[in-house]
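Colleague: Dropping a structure here in C-alpha cells format, bear with me for questions.
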Amino acid sequence: VAEEGPDAKVRRQSNTKDLASAVTKKDGTAYAVIAGGSKVKFDLKVKEKEVMEEVKLEVKEEVKEKEGGSLLGCRPFSRAILTYEHSVRSTEHRESQAPDTKTDLTGLFTEKPQSGEVAVGENINFVAKVNAASLLKKPTIKWFKGKWMDLASKSGKNLQLKELYDRNSKVYTFEMQIIAAKPSFAGAYRCEVSSRDKFDSCNFDLTVHGGCPHTIQSLGEAGELDFSALLKKSASKSQVKSEPDEDVWEILQKAPASEYEKIAFQYGITDLRGMLKRLKKMKKEEKKSEAFLKKLDPAYQVEKGHKMKLCIEVANEDVDVKWLKNGQEIQSTGRYIFESVGNKRYLTINHCSLSDDATYTCVVGNEKCTTELFVKEPPVTITSHLEDQMVMKGERVELECEVSEEGATVKWEKDGVELTRDESFKYRFKKDGRKHVLIINEATKEDCGHYTVKTNGGESMAELMVSEKELEVYQNIADLTVKAKDEAVFKCEVSDETVKGIWYKNGVEVKADARTHITHIGRIHKLTIDDVKPEDQGDYTFVPEGYAFNLSAKLNFLEVKIDYVPRQDPPKIHLDCMGHTADSTIVVVAGNKLRLDVPITGDPAPTVVWTKGEKNVPSSPIPTGRRAAGDQGDGRLHVESTKGHCIFTIEGADKQDEGLYSVIVRNPAGEDKADINVKVVDAPDPPSAPRILSVGEDSCVVQWDPPKSDGGNPIIGYVLERKKKKSYRWMRLNFDPYTDTTYEAKRMIEGVEYEMRVYAVNAIGMSCHSAASQPFIPVAPTSEPVGLCVDDISDTTVSLKWRTPEHLGSSELDGYGVEYCKEADEWVPAFEGLTERTSVIIRDLPTGEKMQFRVRAYNMAGPSAPTSLAQAVTIREIMQKPKIWIPRNLRQTLIKKVEETINLVIPFQGKPRPVITWSKDGEHLNPKQVSVRNSDTDTILFIRKSERKDSGKYEVKLQIENVEDTASISIQIVDLPGSPEKLKIMDVWGFNVALEWKPPKDNGNCEITGYMVQKADKKTMEWYTVYELYRRTNCVVADLIMGNEYIFRIYAVNMVGLSLEPSLHLFICSSGFEYKPPTYKEHDFSEVPKFTHPLVSRSVIAGYNATLSCSVRGIPKPKVTWYKNKMDISNEAKYRMFSRQGVLTLEIRKPCSFDGGVYMCKAVNASGEDVVECKLEIRRKYP
C-alpha cells in the first residue's frame, strides 16, 4: 500500500469489522485495506486441505500528492502484508496473483486484453474490442504502462498501435503489438476507453521470460519501449520472496541508531536511507493550513452556458492570490472575473463551456488548494421536427429537422437501423448551423419506411412513401395494310420520355437494318419498314422496359393483281380497304402527324381535289410513274398522289385542323367523292385558380372550375398540388385522378401559410397547372364564447355581454356575430357584419316577446360553435327602485379653492330612467353658473370656475313614479385670508419688543391656522422671519440692536396660504446703556487627520468609470491630495475629486490598462497628516 502520508495507519477489516489473527472457514468473505482516506476491497476464498500454507495478499496503491493530486510514480513503495494460515492449491495460489481484470459497470469493452507471457525477442499482441452501436461519438482509447505512462508517444520499432472498424457489426478493434520483447517490458499495463460521458478500463500483465530486468537504463531513441529509467522495479512476480512476519517499521522505531544497518542486512532492506527519512516524518504531526481559512470543495458541477463562482477564505486580507487552470495561470478577461471582498476571494466564470471543464487551483504564497469543475452539457432537443413526404420514384428526397444547438451530433435511422455514408453515396448528410438534412438523390421503393433522427435529448420520426408512376399510353399502334414497295410506319406515344422499349415481330426481336429503322424521340417510339415485302407481314409488338404490358398491331400485305382494264374506267375511292367507312371519324392527337391514305382507281388517271368545308386543297392529276405535291399555308399540309393512292398529310396537327374533309376524284369517265371527319384531340386547358372554401386545424376545402376546353376528350379527373408560401417545392396530393371539383386537403400544419394549384387530366394527358390559389393558413375555429348573459333590458332593447373564447388558435379573432330569434323561429342577425366588442345593445325588439339570443366567434376558419342563453328572455323593462351611490370622497365636505373646477359624478340605479333634480340650500341651481348632465347610470354637476358663493349644501333627488331617493353633498370654496388688523407695539424693554394685533375680518372661508411675523432693519430692508405659523395674536421679538430702526409685518395664514397684504409697523430701538459681554477662555478643538474608512483594492473593467472612496476626520478641515504611484494627480483632467461631509471620492473616467497601479490619499492640517492607499487592477473589456 502506497502511503498517503508518512504517519498513515493501516487497519484490516472484513465486512466493516476489524480482523482477528486466526483464519477459519468463516473468513471466506470480502476484505478491505484502509490507509488514511483510501480503501481497497478484495475477496478471500477458504478451502480445506490437510496441509496448511501461508497466504500472503499484497495490495499496491498509488501515492497521491496532497496538494496537486498527481501520481508519484517514482517513489519507492512500502507494503502492508496480511498473513493468514490458509490451505490452498499451488495453482490457485498463482491465480490469486493475477491482476483483477474486472471493469466498472459502464461495460464498453466487448473483448478485453488478457495478460500474457512472451520470451525475450519474440512478439505479442493485446487486443481490445468496443461495440459502438450505442455511442454517438467514436471511442478514444489510451494504452498505459504502469499507472501513468502513456504509450502513444512510445510508438515505434518496438511498439505499434492499430485500429480497425467493422461497418457491419459496428465494432472497433484496438490492437497493441510489442515487437522483439525485452526483459524491461515486463510489468502491469492498463487500457482505457472513453466516449463522451462513458468510460471503461482494464488492467493486464506482461511477463517476459529468458532475461533479467535492468535496474537502470536510459530511454534511448524514440520508439524504445524501455521504462526502467522511470520506474524502480522490484523483483519479478514469478520470484516470490518470503516476507518476515515482524513489522519492520515497528522494529526500526524501537531500535537505536547504531542497530539500523544490522536490521537492514537482516531483513533485506535496500533503501535504508529512504525508510529513515520517512520514519522521521512519521513522528511529525500534520500542520494546519496557515494561509486558508476555507478551501475549495473537491469538485463542482455547472451546466453549460451558466455562471460558476468559486470562493475561498484567506487568513490575511491583504494577501494576493493566483488562480490556475490545468496548471496555467488565468488572466483576467470578460469571462474570468476576480473579486476580493474582505478575506474572501472569488473566481467567477461566465458562460461556462466544455473548455472550462478542468482542474482549478488557488495559490496563496506556498500553499494551494485544488478542485475539479465538471461542465454538464445540456441535452440537445429537436425544435423543428421531420415532416412526412410522398414522392415519385426517382425523385430527390430531403428530410430536414432543426435542433436546439449548433454543431450538435445527430443519428439517422431507417426502421431502427442506423444510416451511414456508404460507398454508393445513396444517403448524404448535410449540416447547416442548427439544421440537419438527410438527402436521398433518387428514391426507390426500397426507401419507403420510417426515418428517425435522434439526439441525446429527443427524437423525431417521419414516414417516406415512394410511388411508382403508371405508364400511360397516349397513342397506341394501329393495324396497317400496305402494298409492295410501300412504307409501313408503326408509331406509339407514352407518358414518360425516359422509357425505352423493344420491338418484336411474331415474338422475335426486331433489329435495325437498311430497310428497318427504329427511332425514339421524346415520348414517341417509331418502327419504320421501307419497301415492304410479303415476308414483312406479321404481328408487331412494342414492349416498354420495366412495365408488364405491351402494344400490338398487325401488318397486312396487299397483293395487287393487274388485270386488263378498259381505257375508259370511271374513278373510284376505296376507303373500305383501310377498314373505315365513308363517314368514319379519324381521331388524331394534337402535335402528331395526320396521314390520310386514300386508295383510288380510274383510267385515265383521275384528278384528286381535297376540300375542307368550302376551301380547296390543290393537288395534281396522277401522271404515270411520277409524284405531285401541293403545299399550303406554312408548309404543314402535303398532298401526294401515287399510282392507286392519294395521300393527304398534316404535320403537327392542331385544333384548327379539325373538321370535315372531302376528297373528289375526276376523270373523263366520271367522278367519285368521299367525306372523312377528322377530330383533333389534345390535353385540356388548365383549370381556373382554385378557391379556398374553408379551412380547419390541419385541413382545407378547395374548389375550382373545370377548364374551358377539355381538349376534345372528356376530363377524367384532376391532380392537386400544394406548397408552403415560402417554399419552392410543390407536393402532389393525389396520384390517381380525382373526379370531383371540390377536394379536402389534409395533413397540413396549423399556422403555416399554404398555396394550392390544380391540373386537369384527360385520356391524352395532363394540362398545365392552374394559377396558384390565394395564400391561406390552416386554422381551427375558435371555441365558443363563454359567460353569455343579459346585462340590461328595456321595453325595446337588450344589452348582452360575454367573455372571449378560451381557445383562440393560431389565427387572430375577426369578431363576434350576434343572432336572435323568437321561439321556434329562424335565427336573424342582430346587425350587419361583426363586432370586436364583448358587449352589444340590440334595439328595436318587439315588446313582450320571448326572444332567444346566441353569439358566435369568427376567425379565418369561420364561425365557432354558438353559445346561447340558458332560457328565453321576455322583452319587458323591469322596475328597479331608485338608489343614489355617493362616492366615498363626497361623503364628507368637499373643499375646493377659488377658480378651481368642480366635477361631481354621482352614479345611481333605477328603471325606468328616473327624473333627476338638483338644488342648493333648498333653491334651484343657477344654470349660468352650474351645469348638470344626466345619463342612464349617473348624473354630473359641473362648475367651470368656482366662487365663494358656490359654497353650500347640494341635494340631488331621483324620482320614479311615487318612489324617490335623495342625497346631499357639502361643498366649501376657500380663499386667501385678509390682512391682520391694528398692529401695535405694546411694550419695549432691553433688546425686546412686545407686539399685538387683531385677526383679519376675512378668514377666506376657512380657519386661520396661524400668523407669520417678520422683521427688517430699515438700513438693509432684508426681511427675517421671527415666527412661522404663530397661533396667538401677540408676541415678543427679541435680539434687537440698540439704535437701529426696525419695521415689523405680520401675515395671516390659512389652508390656502398667506394673506395678500401684511400689517406693517415702524419702530426705533434706542440705546439706554452699554452692554459688555463676558470673557471666556477659548477651547482648543484641533484634531490630527485620521482616516475612519480606508481605501479598498479593486478590480474594474476597462472603459467603465471607476470610483475609489474613503472617509477622513480632522480639525481644522484637512487638505486632501490624491496620488497615483506617488505622483500628484490633482490637476489632471482624467480624474475628479469630491469631498462631502468628510467622505472623499476619486472618480477615474473610462480607465484603460495604463490607469492601473497604487493610488494614495493624503490628508494634511496644522495638527498633522494621515495617508491611506490601495491597488487598482484594470481588466480587459473583452476576453
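Residue numbers in this text run from 1 along the chain shown.
Any Cβ shown, glycine's included, is placed from N, Cα and C.
Note that the structure is a prediction, hence the values are computed from the model and not measured.
The feature compositional bias 'Basic and acidic residues' is assigned by TrEMBL to 1-10. Per TrEMBL, the feature region 'Disordered' maps to 1-21, 613-635. Under the heading domain 'Ig-like', TrEMBL lists 99-207, 311-374, 378-472, 571-677, 882-970, 1089-1177. Annotated domain 'Fibronectin type-III' per TrEMBL: 686-785, 786-878, 979-1072, in sequence order.
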Colleague: Relative to the domain 'Ig-like' (378-472), which of 99-207, 786-878, 979-1072, 1089-1177 accounts for the most Cβ pairs at distances under 8 Å?
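Modeller: Result: 99-207.
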Colleague: Can the domain 'Ig-like' (882-970) be said to touch the domain 'Fibronectin type-III' (979-1072) if we require at least 3 CB pairs below 8 Å and skip pairs under 6 apart in sequence?
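Modeller: Result for the domain 'Ig-like' (882-970) with the domain 'Fibronectin type-III' (979-1072) is yes.
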Colleague: Can you break down the domain 'Ig-like' (99-207) into helix, strand and coil residue counts using DSSP?
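Modeller: For the domain 'Ig-like' (99-207), the helix, strand and coil counts are 7 helix, 58 strand, 44 coil.
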Colleague: Examine the domain 'Ig-like' (1089-1177) against the domain 'Fibronectin type-III' (686-785) and state whether at least 3 Cβ pairs sit under 8 A, considering only residue pairs 6 or more apart.
Modeller: no
Colleague: Is it possible to list how many residues within the domain 'Fibronectin type-III' (686-785) are helical, extended or coil according to DSSP?
Modeller: 0 helix, 37 strand, 63 coil
